[in-house]
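As annotated by TrEMBL, domain '3-hydroxyacyl-CoA dehydrogenase NAD binding' applies to 18-191. Here TrEMBL flags GLY23, ALA24, GLY25, VAL26, ILE27, GLY28 as NAD(+) binding site. Feature annotation from TrEMBL assigns domain '3-hydroxyacyl-CoA dehydrogenase C-terminal' to 197-277.
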Amino acid sequence: MPEQSSSAARTAPGDVRTVACIGAGVIGGGWVAHFLARGYDVVAWDPAPDAEERLRALVDAAWPALQRLGLAEGASADRLRVAATLAEAVAGADFVQESAPERLDLKRDLLAEIDEAAPAGVVVGSSTSGYSMTEMQVKAARPERLVVGHPFNPPYLVPLVEVVGGDSTEDWAVSWAAEFYRVAGKEVIEMDRELPGFIGNRIQEAAWREALHMVANGEATVEQIDRSMTAGMGLRWAFFGPCLTFHLAGGEGGMAHMLDHFGPSLKSPWTRLEAPELTRELRDAMVAGTDEVVAGRSTAELIEQRDRRMIAVMRALAEVEAEEAAQAAREGGRG
Ligand SMILES: NC(=O)C1=CN([C@@H]2O[C@H](COP(=O)(O)OP(=O)(O)OC[C@H]3O[C@@H](n4cnc5c(N)ncnc54)[C@H](O)[C@@H]3O)[C@@H](O)[C@H]2O)C=CC1
Ligand SMILES: C[N+](C)(C)CC(=O)CC(=O)[O-]
């Protein structure tokens, strides 16, 4: 990590008033809706000729859901301004979120352009799905303030954002970005090191690649694959991640028993991914890490919490599905 530069953030995370969003497609538009709903002024820029029309349509479509979730004081879709140039968009920004296409060459040039135009001390977050900031910040004159702020679609509903700097990013910028995203209502994972694909995408890409293999080999249909998630583990993963879920697979014996019982299955052809050796060190690390998440709750308490939350998720889904079915019936049984 480079020496701390004399520059530090121009604005405290809690004093941000204006956010610039560069790139206003699926994700950039979702960020615009999120920041507007959290009560910020948002200035967007996107080179596409129809970008403003698309952007305002996306915000208008998202707004009812955001109103149901609860808008911040002073939040208004009217606080969106679309700038004619990138420089105009970032000139008065307290924070910049980049959401341009996932192309390394484009990100490098764009981050350098944003860096040149944005005031000193303004942190810039990239929505990149998997590039490291180290490889993206190579053309920037002031790379110390560039971080990854990887969201999940749609950013205005899915709370997670993964934050990590590059080799030329300074610690203050990573800490500032993590704190700003929290203040802006996001759930932050501040990573200790760069990892291609960060955390969430590595997990979901593993599932995604298996899904593609199964379809390619005629082993499962798209419908079966999606239903295996929505009627299976997806219900659990909304509130217990894969580790805590498998802790309960071990019953009273927890993660330790689960690994001892199902450890040999790691070598079964259940996946095309190479399994790690289940060493004693890995076993102990999984048990210790899970114990931290368990935080003293008994298996009975966890089972009760799991079942209560799963019933809540299932009831909420059933309620929405009944409303959708009734709506479809009113509309003449739309397919
Ligand atoms: N789509 C998704 O589910 C997610 C995407 N991301 C990341 O967000 C970023 C944007 O992805 P999407 O919104 O899906 O793509 P998109 O294609 O929907 O939007 C990209 C936007 O960037 C604009 N653009 C093109 N060249 C540009 C430039 N030089 N400067 C500024 N804007 C430019 C385009 O006009 C377009 O509106 C990518 O880095 C992607 O990996 C992150 C999380 C989820
Ligand atoms: C498909 N994707 C890799 C761009 C998805 C993400 O990056 C995160 C998400 O929204 O699932």
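Positions of Cβ are set from backbone N, Cα and C atoms, glycine also.
Taking the features listed in TrEMBL, we show where each one sits on the structure.
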residue	record	contacts (Cβ under 8 Å, 6+ apart)
GLY23	NAD(+) binding site	ASP46, GLU98, SER99, ALA100, PRO101, LEU110, SER127
ALA24	NAD(+) binding site	VAL32, ALA44, TRP45, ASP46, ALA51, GLU52, ARG54, LEU55, VAL82, SER99
GLY25	NAD(+) binding site	ASP46, ALA48, ARG54, SER99, PRO101
VAL26	NAD(+) binding site	ASN153
ILE27	NAD(+) binding site	SER99, SER127, PRO151, ASN153, PRO155
GLY28	NAD(+) binding site	CYS21, ILE22, ALA44, ASP46, LEU55, GLN97, SER99, ALA100, SER127
For this session: Report the residues of the chain - excluding GLY23, ALA24, GLY25, VAL26, ILE27, GLY28 - with C-beta within 8 Å of the mean position of the site's C-beta atoms, for the recorded NAD(+) site, in sequence order.
Result: CYS21, GLY29, GLY30, TRP31, ASP46, SER99, ALA100, SER127
Problem set entry | Helix, strand or coil at GLY23 (NAD(+) binding site) [DSSP, three-state] | coil
Exercise. In the domain '3-hydroxyacyl-CoA dehydrogenase C-terminal' (197-277), how many residues does DSSP call helix, how many strand, and how many coil?
Worked result: 58 helix, 0 strand, 23 coil
Problem set entry | Secondary-structure category, per DSSP, in which GLY28 (NAD(+) binding site) falls | helix
